[in-house]
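Colleague: My questions all concern the structure below.
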Amino acid sequence: MGKYAMVDKDTCIACGACADTAPDIFEYDDEGLSQVLLDDNQGIAEISDDLEDDLLDAEEGCPTESIKVSDQPFKTAVETY
Amino acid sequence: MPASHEDVYDITIIGGGPTGLFTAFYAGLREMKVKIIDALPELGGQLSALYPEKYIYDVAGFPKVKAQDLVDQLIEQANYFNPTICLNEMVETLIRTNDDMIKMTTNKGSHLSKTVILTSGNGAFSPRKLKLDNIEQYEGKNLHYFIQDMEHFRQKNVLIFGGGDSAVDWSLMLEPIANKVTLVHRRDKFRAHEHSVKQLFESTVDVKTPFVPASFTGDEDGIQEFVLQHSKNEAHKEFIHVDEVIVNYGFISSLGPMLHWDLEIDKNSIVVNSKMETNIPGVYAAGDICMYDGKVKLIATGFGEAPIAVNHAKSFIDPKAKVQPLHSTSIFS
């Protein structure tokens, strides 16, 4: 099953660990904070299975636990509240 | 160095990253009695904990500098005035006493200071722990998140968890000392330097991938055996007899106890005025932890905020002291 990811920019410290670990998923925004490059950090683009290990590495390696990973797209998850 | 309860310091710096180290130097320059407290066993903060090998390009005077090299230079500079350095100490409480002192308690004891400068960046770093029930009782026994003395592992069966540089480097360092080193990582690919990974596979280190820790058995003295589970096949298990277990899962930072010190906080940062003063008299903040209108979080700005905080702290203790200091060129000559 595909995964979806978002970076919480309120807690991201721009250390760059995730973009080092998973350069196909994460990039830096204009402020140097990290974001998901696939969908401008909206959490709606499915991350392909071959990148899942990279994603988990990045999630585990984030020093502020700012990387949010879900089995569902984040936009849908928010709307169901 | 163990902290004496009697000693009162002029300035206590909480956080030994780049801003904290430069603050320590600068406070020494202003002839203050200085102490640095940091939660990790080493100075350097984020630079040493997260990206020691990365180059930094925006520190004045350095066209480029490796993060750890910058830390080493800052430590040398800070040590010019021999500050007291307390490592492995997490400050838990901070209060202003009735006699105008600031009292801090840590996991190891208490500290008294006339002023405090908070340079804790994004909060205290702590190692990311193994998530297994009841494993924490073995910290301080044979479960290690830091390595202080390699000799401790001589002729032992050592199990190491992790997939980054720390896990790979420690595996290689301990290989000639230990009886056997087993390295366990959740996936086949390591995040460490290519060269180190090549060395790893040429070494006698038993590399178990893709495996994760599933459970363990132990008695009151320590963990005796680990059960590893294949990442993709739950039924595939391996049993490893262990003397010592090392976990290198990186670090997590959090403001933690600082949120309960009655400081004015805005978005995980401490609000300061143009003197770098917080809302608590005698308590200042500098570097990434502080927030004011127009704040930019960079090492370069932290280096500028440090002398502002120190010079105002100096005049807070001694109102006759000038805020604007002499130039260092004339102090040392």
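Heads up, the Cβ atoms here are built off N, Cα and C, so glycines get one too.
Pasting the relevant annotations from TrEMBL:
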DOMAIN    B:9-306  domain 'FAD/NAD(P)-binding'
BINDING   B:Thr19, B:Asp38, B:Gln46, B:Tyr51, B:Val91, B:Phe125, B:Asp288, B:Thr329  FAD binding site
Colleague: Taking the Cβ of B:Thr329 (FAD binding site) as centre, how many other Cβ atoms lie within 10 Å?
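Modeller: The Cβ of B:Thr329 (FAD binding site) has 7 Cβ neighbours within 10 Å.
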Colleague: Cβ under 8 Å from chain A: which of the binding-site residues B:Thr19, B:Asp38, B:Gln46, B:Tyr51, B:Val91, B:Thr329 qualify?
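Modeller: Near chain A, the qualifying binding-site residues are B:Gln46, B:Tyr51.
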Colleague: Tell me the Cβ neighbour count for B:Asp38 (FAD binding site), meaning other Cβ atoms within 10 Å of its Cβ, over all protein chains shown.
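Modeller: Neighbour count, Cβ to Cβ under the 10 Å cut-off: 27.
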Colleague: Which has the fewest other Cβ atoms within 10 Å: B:Tyr51, B:Phe125, the binding-site residues listed?
Modeller: B:Tyr51
Colleague: Could you find out if DSSP has B:Asp38 (FAD binding site) as helix, strand or coil?
Modeller: coil
Colleague: For B:Val91 (FAD binding site), which of the three DSSP-derived states applies: helix, strand, or coil?
Modeller: strand
Colleague: State the count of C-beta atoms found within 10 angstroms of the C-beta of B:Thr19 (FAD binding site), not counting that atom itself.
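Modeller: There are 31 such Cβ atoms around B:Thr19 (FAD binding site).
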